[in-house]
Amino acid sequence: MEFDTIAAISTALGEGAIAIVRVSGDDAVEKVDRIFKGKDLTEVPSHTIHYGHIVDLDTNQVIEEVMVSIMRAPRTFTRENIVEINCHGGLVSVNKVLQLILAQGVRLAEPGEFTKRAFLNGRIDLSQAEAVMDLIRAKTDRAMNVAINQMEGRLSKLIGLLRQEILETLAHVEVNIDYPEYDDVEEMTHNILIEKATHVRSEIEKILETSKQGKILREGIATAIIGRPNVGKSSLLNSLVQEKKAIVTDIAGTTRDVIEEYVNVRGVPLKLIDTAGIRETEDVVERIGVERSKEMMSQADLVLVVVNYSEALTNEDEDLFRAVQGKDFIVIVNKTDLPQAIDMERVTELAAGNRVITTSLIEEQGIDELEKAIADLFFEGTIDSADMTYVSNARHIGLLTQAGKTIGDAVEAIENGVPIDMVQIDLTRTWEILGEITGDTVHESLIDQLFSQFCLGK
């Protein structure tokens, strides 16, 4: 495939030590060489870096002191010639360098266009391309490992093996239908077809079994911290985040809005939501906060219910316990540094088998136990993201679910005595659906939509 030459700033905008302008295309080296004062870039070997200056051709003025990396096709990310200009960090100089490159007939890249070219030029498939964005957005080491595994093609390999198995089955069916007189070809009986289709369905189900953990690693666990005013919700947020994000006072009702913060808890990404204290109030602003707290509680994957060790349970406390029944929740009995007034037996009863953890956040006690409880709740204490392939992308999960249902329909049809040639439709459709994950059978409009979500310069 031949494309025009594109360029974009690949580093985050703002002040920094280094900013990089990336250029990709057949004539990328020649275009940059026009404004580069130093070695002749068209003559240097691939995968080398060179010192020089960027010059404004109209004024012959030196604009930047740079290091230029030359990478020639096909051993590059896009499989095109790539030039990366390492400038001093800062908005003015790097933008000036970009403008000088564009003035040489280079087009400004669209968001994700470099990765899109890597896909279109066959260097990576669609699932690997999507993993690039997952890596950029990873919030924990485990999420990073999952993204790297997918970038290396582990999911692609699994999908490829399944598609190959379906294709071989379809070919076998075709031969049996079109050339029944061939004695040297094994007959495709209903039993053999059921065995092959069932195996594919089983493998799809195995991949889908990792989707819950994969989705958590990719998107995080939406975790609502709820409780009456002044029981220590904001203190809990600050303890987990390990810095002061929420205002903590002895005045009930200090938190009037929802505060969100991501935190890494033993490799598990939590999207922590500190909510306004839930109570009856005449204050209009606080009442709005209370309603939002209830909404966040209903949407959360995990609820941390905070109660006060130094106070007896109230009707409002018991209402909160009833509201979270049916959800994953952990009870935090805070302020154990104060004299006990709470009925712990009643707390255990209301927890209904969920973990109850005592803490004194002011004395930094109980946080380690809480973090372990969270990790145990979602991963049973273990998750081997380095060796396992986790499916985490919602698009992939949807397609795998659809493929599993379609191949399941094929199995059911065979068991009901439907002629083998009619089952070909479901088998072919399963093969096509799985191909949408890797991009082998995907529509161009979907490709454009997916890559538009990438950042500029990637």
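Any Cβ shown, glycine's included, is placed from N, Cα and C.
The shown structure was predicted, so the numbers you read here are calculated from the model rather than taken from an experiment.
Per Swiss-Prot, the feature (6S)-5-formyl-5,6,7,8-tetrahydrofolate binding site maps to Arg22, Glu84, Arg123, Lys458; the stated evidence is sequence analysis. The DSSP secondary structure for Arg123 ((6S)-5-formyl-5,6,7,8-tetrahydrofolate binding site) is coil. Around Arg123 ((6S)-5-formyl-5,6,7,8-tetrahydrofolate binding site), a 10 Å sphere centred on its CB holds 18 further CB atoms from the protein chains shown.
Each residue in the domain 'TrmE-type G' (220-379) has a pLDDT score, and their mean in this model is 79. Residues annotated as domain 'TrmE-type G' in Swiss-Prot: 220-379.
Annotated GTP binding site per Swiss-Prot: 230-235, 249-255, 274-277, in sequence order. Other Cβ atoms within 10 Å of the Cβ of Lys233 (GTP binding site) number 32 in total over all chains.
Classification of Asn230 (GTP binding site) by DSSP places it in coil, neither helical nor stranded. What Swiss-Prot lists as K(+) binding site is Asn230, Thr249, Ile251, Thr254.
Look at Swiss-Prot and you will find Ser234, Thr255 tagged as Mg(2+) binding site, backed by sequence analysis.
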Given the binding-site residues Asn230, Lys233, Ser234, which one's Cα is the least distant from that of Glu84 ((6S)-5-formyl-5,6,7,8-tetrahydrofolate binding site)?
Ser234
A 10 Å Cβ contact count, applied to the binding-site residues Arg22, Lys458: which residue has the minimum?
Lys458
Hey, of the binding-site residues listed (Asn230, Ser234), which one tops the CB count within 10 A?
Ser234
For Arg123 ((6S)-5-formyl-5,6,7,8-tetrahydrofolate binding site) and Ser234 (Mg(2+) binding site), what Cα-Cα distance in Å is obtained after rounding to a whole number?
48
Rounded Cα separation (Å) that holds between Arg22 ((6S)-5-formyl-5,6,7,8-tetrahydrofolate binding site) and Lys233 (GTP binding site):
46
Site extent for (6S)-5-formyl-5,6,7,8-tetrahydrofolate, whole Å (max Cα pair distance, Arg22, Glu84, Arg123, Lys458):
19
Do you know offhand how many angstrom separate Ser234 (Mg(2+) binding site) and Lys458 ((6S)-5-formyl-5,6,7,8-tetrahydrofolate binding site) by C-alpha?
38
